[in-house]
Amino acid sequence: MSKRKLSRQQRWRIEKVQAERARRADRRDSQDSDKLAAGEYGPEQNGRVVAHFGRTLDVRPDEGGTAVRCHLRANLEGLVTGDRVIWRAAHDARDGVVVARGERTSVLERPDPRGQLKPVAANIDQILIVFAVEPAPHANLIDRYLVAAEATGIAPALVLNKIDLLPEQGGELRALLARYEGLGYPVVTTTTEREGGLADLYARLSGRTSVFVGQSGVGKSSLIDRLLPDEALRIGALSEDSRKGRHTTTTARLYDLPAADAGTPDEAGSGELIDSPGIREFGLIHLDEQQVTEGFIEFRDVLGRCRFRDCRHRQEPGCALLAAVERGEIHPERFASFRRIVESLETS
Ligand SMILES: Nc1nc2c(ncn2[C@@H]2O[C@H](COP(=O)(O)OP(=O)(O)OP(=O)(O)O)[C@@H](O)[C@H]2O)c(=O)[nH]1
Ligand SMILES: [Zn+2]
């Protein structure tokens, strides 16, 4: 793109706006410091970010209650939904200030418009890769999602939805599922068309913070609608302020899942869901060849045993991966998937 020439006046205006913004942030921070010093904020509390909009966040107190609109100390950057924070409530209890971020157990990143990876959500325990009887899944696409999930260090699990459309015998899909279960991935099946069709999913979600990803049309929205049936529940996690609709951005949000059917012991501890349109599309991010290779978990035992240290597992003599495919220890379709994904890196 050719550099757009800005007139001197435009440049001056932009600088002025930026200077004003910086001044406002400084002022706010020194006001915070004054207020903190003057004891206008209550004691430190733990909380979790349930939504974020630039420099303001909604924080859910660990002790319970609705989320509180908070702003950030100027020295805190890059907080995202799911972050654990230490915050202090203003004495009028209407808002608060976040003073520190807790350590993250995991972070999900996506490229920004300039291609730089930016965190979008933190402290996620599992990535639920949704696929469906219709549209029929390509094993290659499932592998693509699995590899992307493995690269984040967050545990993936597979959700096969629309099993009401499954042929009597289960067809090829059952075999596909067995393959992934054989690799150690949890697999649950669901249908939004039958009462109790989400029982296995509830058990999977229980006690964890999850995100749903997957191809268009597999039923992510339908599943989430069923899990959060109440519109009020969906917005319940948000503070009064953000309900006014000032923020229509596509920020990630953290939801508390209500327990399925109270009374069934398994389903008692409900779990949490972080969702945004951007997160749902996760999986098609750029990876490098090493990430792809290591993303095939059954390769891990074999990697490093090839004769050549820089083996790319094509037709090199003494390739341990090719030998494992020969012996039937690595499924030929998984290996073909690996090859296809690596080739797609080369052409993109
Ligand atoms: N038969 C059947 N249809 C379902 C099931 N779940 C969802 N659908 C239908 O599948 C279609 C797609 O569902 P969505 O929930 O919009 O899928 P999505 O994954 O959110 O799709 P995007 O919004 O494009 O990402 C809709 O027509 C749903 O009614 C199911 O369990 N069984
Ligand atoms: Zn090799």
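Using N, Cα and C of the backbone, Cβ positions are placed for all residues, glycine too.
TrEMBL annotations: computationally assigned, not manually curated.
The annotation GTP binding site is assigned in TrEMBL to N161, K162, I163, D164, G214, Q215, S216, G217, V218, G219, K220, S221, S222. Look at TrEMBL and you will find C306, C311, H313, C319 tagged as Zn(2+) binding site. If you look up TrEMBL, you'll see 1-11 marked as compositional bias 'Basic residues'. Sequence annotations record features per position, and here TrEMBL assigns compositional bias 'Basic and acidic residues' to 12-37. The domain 'CP-type G' feature in TrEMBL is assigned to 114-282. Summarising the annotation, TrEMBL assigns domain 'EngC GTPase' to 122-280. The feature region 'Disordered' is assigned by TrEMBL to 1-43.
Known features from TrEMBL, placed on the structure.
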residue : record              : Cβ contacts under 8 Å, 6 or more apart
N161    : GTP binding site    : V130, F131, A132, V133, T189, T190, T191, T192, V218, G219, S222, L223
I163    : GTP binding site    : V133, T189, T190, T191, G197
G214    : GTP binding site    : I129, V130, F131, Y145, V159, K220, R280, G283
C306    : Zn(2+) binding site : H313, E316, G318, C319, A320, L321
C311    : Zn(2+) binding site : G318, C319, A320, L321
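For ligand 2, the nearby binding-site residues are H313; that is, of V218, K220, H313, these have a C-beta under 6 Å from one of its atoms. Per-site Cβ counts within 10 Å over the binding-site residues S216, S222 peak at S222. Proximity of the binding-site residues (N161, S216, V218, C311) to ligand 1: a Cβ under 6 Å from the molecule is found for N161, S216, V218. In this structure, C319 is the one among the binding-site residues V218, C319 with the smallest number of other Cβ atoms inside 10 Å of its Cβ. A 10 Å cutoff on Cβ-Cβ distances gives H313 (Zn(2+) binding site) a total of 20 other Cβ atoms nearby, all chains included. The 10 Å shell around the Cβ of K220 (GTP binding site) contains 20 further Cβ atoms across the protein chains shown.
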